[in-house]
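Enquirer: Handing you this structure, nothing more for now.
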Amino acid sequence: MHCGPPDMVCETKIVAAEDHEALPGAKKDALLSAAGAMWPPLPAAPGPAVAPPPAPGPQPHGGTGGAGPPEGRGVCIREFRAAEQEAARRIFYDGILERIPNTAFRGLRQHPRTQLLYALLAALCFAVTRSLLLTCLVPAGLLALRYYYSRKVILAYLECALHTDMADIEQYYMKPPGSCFWVAVLDGNVVGIVAARAHQEDNTVELLRMSVDSRFRGKGIAKALGRRVLEFAMLHNYSAVVLGTTAVKVAAHKLYESLGFRHMGATDHYVLPGMTLSLAERLFFQVRYHRYRLQLREE
């Protein structure tokens, strides 16, 4: 079973232009100004406000990973530190666990053929048993099986992720060139994460692992994390950002659209790391993979 970084919460590819060298300061200023025009300011939200990006200038490894405002004054997006390994893993783990009921129950609405199959099974049960009670129990049994297989596959996915890139964030994201991992920090606590990882063979960078602590959602933190990667793409002269996700919640898709992404299509034949593709799994676990694209400049 392939256990490379899977695409559960969110995966984005940034398609690079030929020049990967750091841009001159004046050009960086111009690109950040263009980014500000492309992505309007975040709406005000109750509670701590998301801090604006730091002023352009000499930047550390991630390009735009400044220190942010002092702790306690708001949320800042900055580069990951080794001491935050467990906090980042916890946010990732909790975010993925939320996918179990969403995939099992909400996700069924995305698969009309599966709904039809389940209806036929219930009709067959009635035809064989002539029992309304047993027929009514069929949907409950099918949903229970969906939950069981969703949990089985998603826990296997987590096992892969926690033993690959999320096992050593410093080594996997902070040391290789073209890669970075950011955290959102509020009052000294990590409340959100996002990563970018380069693929030199095809001049791409993936955005991975975007997740926000459920207690701090609705404050614009996810959008701020997404913007940090888009700024990273512009500052390093990439030409487009391509996003892939298996998210079920409508709010996740609205987030991508609010950042400027266009929906490029979806497929029901996506194989999530951790899947065995057994017959039972095919019957009771399905995900839909959506692709988005944000063009930063024409090639």
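A Cβ is built for glycine as well, from the same backbone N, Cα and C atoms used for every other residue.
Annotated compositional bias 'Pro residues' per TrEMBL: 43-59, in sequence order. What TrEMBL records for 43-70 is region 'Disordered'. Look at TrEMBL and you will find 60-70 tagged as compositional bias 'Gly residues'. The feature transmembrane segment is assigned by TrEMBL to 116-149. The annotation domain 'N-acetyltransferase' is assigned in TrEMBL to 143-280.
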Enquirer: Which whole-number mean pLDDT does the model give the domain 'N-acetyltransferase' (143-280)?
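Expert: It averages 88.
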Enquirer: Tally the residues of the domain 'N-acetyltransferase' (143-280) by DSSP class, grouping H, G and I as helix, E and B as strand, and everything else as coil.
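Expert: Taking the domain 'N-acetyltransferase' (143-280) as a whole: 61 helix, 41 strand, 36 coil.
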